[in-house]
Amino acid sequence: MNGRTQNLWFSTFRLVIVYALFFAKLCFGQEECLRGGCYPATGDLLVGRENRITATSTCGLKERTTGVCNNCLHNTKGTNCQLCKDGYYGNALLGTENVCQRCQCPGGSSGNQFSNTCELRDVGKVFCTNCSEGFTGTQCEKCDNGYYGNPLIQGGTCKKCLCNGNINSAS
């Protein structure tokens, strides 16, 4: 390296160092850099800020400047893919592939869906929270009063009774 090349190299190096010290935000100790600021490191989740991208993340593409996810995966939704989509239930914050399961309202072998939302209330018990008109039960598996049919069979539904007030709810 001759004197001129060496001078140019040192000048460039000094410029990079000055730029880094003047413009860059440096985080120290137990902090993590996120969107131009430093925040306490909390492991895989920055609580209230972002679900960090990991190998098992539910976010496929994150907006670099805002940190908002533009491509939620595995039936998730939300700015950080922290919720299950309508029609699915589970804990999306776990970030695994099958964390959000399809609601069974009543679902199963009938394939029928009569609620677009459900939630996990007790261990292993899913409750459908918005049964369509004419359907009732924890899985929308029964016809409501004034309706008849069998929602548990494939293609089954509940139809409004047109019985002029002559209803035998036992049949």
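Don't overthink the numbers, they just go from 1 along the chain as shown.
Using the three backbone atoms N, Cα and C, a Cβ is placed for every residue, glycine included.
What Swiss-Prot lists as signal peptide is 1-29.
Swiss-Prot lists C59-C69 (among others) with the feature disulfide bond. All chains included, 24 other C-beta atoms sit within 10 angstroms of the C-beta of C69 (disulfide bond).
The domain 'Laminin EGF-like 1' feature in Swiss-Prot is assigned to 66-102.
Counting Cβ atoms from all protein chains shown, C72 (disulfide bond) has 24 others lying within 10 Å of its own Cβ. For the recorded site, C72 (disulfide bond), the DSSP three-state label reads strand. Marked as disulfide bond by Swiss-Prot on the basis of sequence analysis: C72-C81 (among others).
According to Swiss-Prot, the feature disulfide bond maps to C84-C100 (among others). Non-local contacts of C84 (disulfide bond) by the CB criterion (under 8 A, 6+ apart in sequence, same chain) comprise N75, T76, K77, G90, A92, V99, C100. Reduced to three states, the DSSP call for C84 (disulfide bond) is strand.
Using a 10 Å Cβ-Cβ cutoff, C103 (disulfide bond) registers 26 neighbours. Marked as disulfide bond by Swiss-Prot on the basis of sequence analysis: C103-C118 (among others).
Across the domain 'Laminin EGF-like 2' (103-160), the prediction's mean pLDDT works out to 90. Taken from Swiss-Prot, the feature domain 'Laminin EGF-like 2' applies to 103-160, supported by sequence analysis.
Residues or ranges marked as disulfide bond in Swiss-Prot (evidence: sequence analysis): C105-C128 (among others). Around the Cβ of C105 (disulfide bond), the same chain contributes N112, Q113, F114, S115, C118, C128, C131, Q139, C140, each under 8 angstroms and 6 or more positions distant in sequence.
The secondary structure of N130 (N-linked glycosylation site), as reduced to three states from DSSP, is coil rather than helix or strand. A C-beta separation below 8 Å, combined with a sequence spacing of at least six in one chain, links N130 (N-linked glycosylation site) to S115, N116, T117. Taken from Swiss-Prot, the feature N-linked glycosylation site applies to N130, supported by sequence analysis.
Marked as disulfide bond by Swiss-Prot: C131-C140 (among others). Other Cβ atoms within 10 Å of the Cβ of C140 (disulfide bond) number 28 in total over all chains.
Listed in sequence order, G134, F135, C143, D144, Y147, Y148, G149, P151 are the same-chain residues six or more apart from C158 (disulfide bond) with CB atoms under 8 A from its CB. The feature disulfide bond is assigned by Swiss-Prot to C143-C158 (among others), with sequence analysis given as support.
Feature annotation from Swiss-Prot assigns domain 'Laminin EGF-like 3' to 161-171.
Cβ neighbour counts within 10 Å, taken over all protein chains shown, single out C81 as the most crowded of the disulfide-bonded residues C81, C100, C131. C59 (disulfide bond) is 5 Å away from C72 (disulfide bond) when you measure Cα to Cα.
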